[in-house]
Amino acid sequence: MMMVRPTNPRCVSCLPTTLGSALTSSIISMEAHRGSSALPSFTAAVPQPQTPKPSAVTSTKLMKAYFAHGLFAHARELFDKMSHRDVVAWTAMISGYASSSQHHDALLVFREMMGEGVPPNAYTISSVLKACRGAELWPAMAAVHGLAVRCGVDSQAYVENALLDVYMASHGEGEGMHDACAIFKGIVKKTAVSWTTMIAGYVHHGDGHTAVQAFQHMLQEGVELSPFSCSAVIRACALIGSLTFGKQIHTAAVKFGYQTNLPVSNSLIDMYCRCMSLSEARQYVREMPKRDLITWNTMISGLERLNSTEALELLIEMSSHNVQPNCFTFTSIVAVCANLAILNFGQQVHGAIVRRGYGGNIPLANALIDMYAKCGNVVKSCRIFNGMDQKDLVSWTSMMIGYGNHGFAEEAMRLFDEMVSSGISPDLVVFMGLLNACSHAGLVNEGLKYLNLMVDYNVTPNQELYGCAIDLLGRSGRLNDAYELMERMPFEPDRSVWGALLGACRMHGNSSIGKFAAQRIMDQKLECAETYIMLSNIFAADGDWVEFARTRRLLKGTGSRKEAGRSWIEVRGVVSSFVAGDEHHPQMGLVYEMLCFMLGNMKTKEPVYPFISYKTFVFHSGYTASSIPLFHKLNVWHIGVFAHGKLQLALPMEEVKLPQERNGEDRREEKRKEREVAFQDLTVWSKGAV
DNA sequence: CTAGGGTTAG
């Protein structure tokens with residue numbers, strides 16, 4: 001038995017105290033730097049509107065300067081004063097707005113120009129197409145395409161590439177992509193820009209394989225690698241998770257001297273993080289001669305998904321370099337707070353976000369909804385959700401999942417109806433959230449209703465969703481239905497599906513379906529230790545020792561040895577790690593008392609991954625009034641639920657609502673039964689592969 | 001006066 005600090009990044013007690021105070025001071029120092037980081041006083045450097053009338057050429061140049069500094073009103077004023085406005089001046093206005101993301105203004109100026117009967121040229125068309133893309137006005141885009149044809153500029157290089165880009169960006173994989181390919185085929189002289197536009201378009205739609213194919217095709221055609229195509233294809237590697245190909249591009253980038261190009265470097269960091277090669281990402285960042293904000297953000301968000309505590313350390317390092325965080329940075333940091341359930345720090349971050357004026361940023365608000373829900377304050381989530389001027393699909397989903405995890409299935413269902421009537425179509429994640437919410441609240445029929453509703457929204461269930469549905473049926477004891485659904489689904493069941501079914505078999509002591517399942521698992525030669533362990537326990541519970549032994553032999557055959565389920569307990573500042581059966585530990589009595597209590601009170605019979613820290617006690621679900629004294633004895637401040645590899649939620653003790661007590665006799669018998677099953681689980685969970 | 005590139009959320 002070792003006395004160690006836990007290494008789980010999600011454990012609150014893993015945050016060294018020094019890190020905690022460093023974080024607080026870094027937030028404070030970021031606040032202090034706000035004044036100095038305000039916009040530079042560029043107004044002095046930019047010419048003010050002049051009283052004597054400048055020539056058309058001078059005016060156009062001045063307009064460009066105003067746009068470059070975001071002084072749209074100045075540009076417009078100057079433009080309105082011009083006596084003769086030629087196509088160049090009009091185009092300068094349109095492109096000025098379009099390049100500053102003022103797409104609607106760009107299109108309004110274009111409409112004005114057409115109203116005055118000024119014929120557009122290739123420059124105008126390119127800028128207008130850019131604005132159409134930015135404003136996502138696809139019908140307008142088609143009209144401009146038609147205009148380009150009538151003006152005879154549609155086969156000019158810049159227009160062709162702009163058309164490629166807008167068609168790639170429109171209508172998803174359907175018509176837009178098809179039209180873009182047709183245009184691409186028609187381009188006689190395909191330049192690096194045309195190729196890059198196609199590659200980036202495929203990447204945008206998440207089709208990494210086609211992007212890589214296009215890239216290879218480009219090289220075959222003798223078009224040289226550019227920093228643009230380089231960063232696009234690196235993103236494609238990140239999408240398909242190909243570290244090997246990514247490294248080849250990395251080598252090529254170095255050969256061409258692009259490794260100092262920041263977009264190339266930053267996409268390389270992202271690629272290494274997404275391909276789970278964190279050490280290479282760290283190494284690369286360390287060797288970079290220059291970093292920008294995106295470099296820091298990319299690394300922080302990469303670590304957030306894999307190593308939350310290190311992401312916070314990087315935030316401190318970033319602030320020590322006087323780099324100011326933006327909304328991307330904050331989004332990752334809020335996600336870190338959710339992963340670690342560090343509500344206090346999360347609230348400080350929230351404060352910093354509001355003070356910096358990022359309160360209206362949708363992704364950031366979504367992350368905050370998720371954070372507060374996972375930290376146990378679903379009321380706060382709701383307040384943020386209701387206060388949003390604009391909500392997107394993720395906002396609704398985050399709120400629904402938050403409600404579902406807190407047991408408010410009805411609220412989640414109400415939100416679903418509201419969302420649909422506000423004109424947003426649900427996707428797979430929405431249905432997953434609803435099925436989980438119904439499953440945990442025992443609302444089987446409602447859950448099934450959503451399963452059948454999916455077809456109306458053209459959402460195709462994947463393996464994981466079937467897993468949810470089978471879990472929904474299985475938990476409520478409808479094992480035959482669960483098995484039938486598994487047979488009907490258009491996939492070979494994977495580990496998550498088998499897990500849901502076998503878990504239900506064990507929960508309800510149904511060995512006959514477990515045995516059916518066994519034959520299929522063996523036929524499939526599934527290389528998954530957990531499945532065999534669950535299976536063997538079903539046989540053990542049934543007293544079928546022949547089958548038990550056979551399953552265990554198969555388990556050994558898979559070669560996948562699960563590490564023993566080491567867990568840890570921290571009581572009053574002392575952390576001990578342990579495995580079940582570790583009899584010599586001085587606090588083993590307390591450890592077992594806690595585990596028995598937890599397992600005895602679980603509503604579900606899934607393996608639990610408990611940890612107790614000085615603030616958080618995490619277990620699966622279900623608690624009773626009798627638990628309160630024990631929580632106090634253990635100095636527990638929060639109660640949490642750890643599942644699917646993440647902390648799902650943590651409740652402060654005072655907010656814990658207790659289930660209705662049932663009368664004594666029933667309850668004792670029920671508890672006895674639960675404990676019996678629970679101890680089997682304890683063995684499975686803690687010993688892993690024996 | 002015109003086209004292509006890097007980081008974010010469920």
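Cβ atoms are placed via backbone N, Cα and C, with glycine included.
Predicted, not measured: the structure shown is a model, and the values here were computed from it.
Copied over from TrEMBL:
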- A:86-120: repeat 'PPR' (REPEAT)
- A:191-225: repeat 'PPR' (REPEAT)
- A:261-295: repeat 'PPR' (REPEAT)
- A:392-426: repeat 'PPR' (REPEAT)
- A:427-461: repeat 'PPR' (REPEAT)
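Long-range contacts of the repeat 'PPR' (A:261-295) within the same chain, counting only residues at least 6 positions beyond its ends with a Cβ under 8 Å from a Cβ of the stretch, are 227, 230-231, 234-235, 237-238, 241-243, 246, 250, 253, 301-303, 305-307, 323-324, 326, 328-329.
Over the repeat 'PPR' (A:261-295) the predicted model carries a mean pLDDT of 95. Under 8 Å from some Cβ of the repeat 'PPR' (A:86-120) lie the Cβ atoms of residues 56, 59-60, 63-64, 66-67, 70, 72, 75-76, 79, 126-128, 130-132, 134-135, 137, 140, 147, 151, all in the same chain and six or more residues away from its ends. Secondary structure of the repeat 'PPR' (A:392-426) per DSSP, as helix, strand and coil residue counts: 26 helix, 0 strand, 9 coil.
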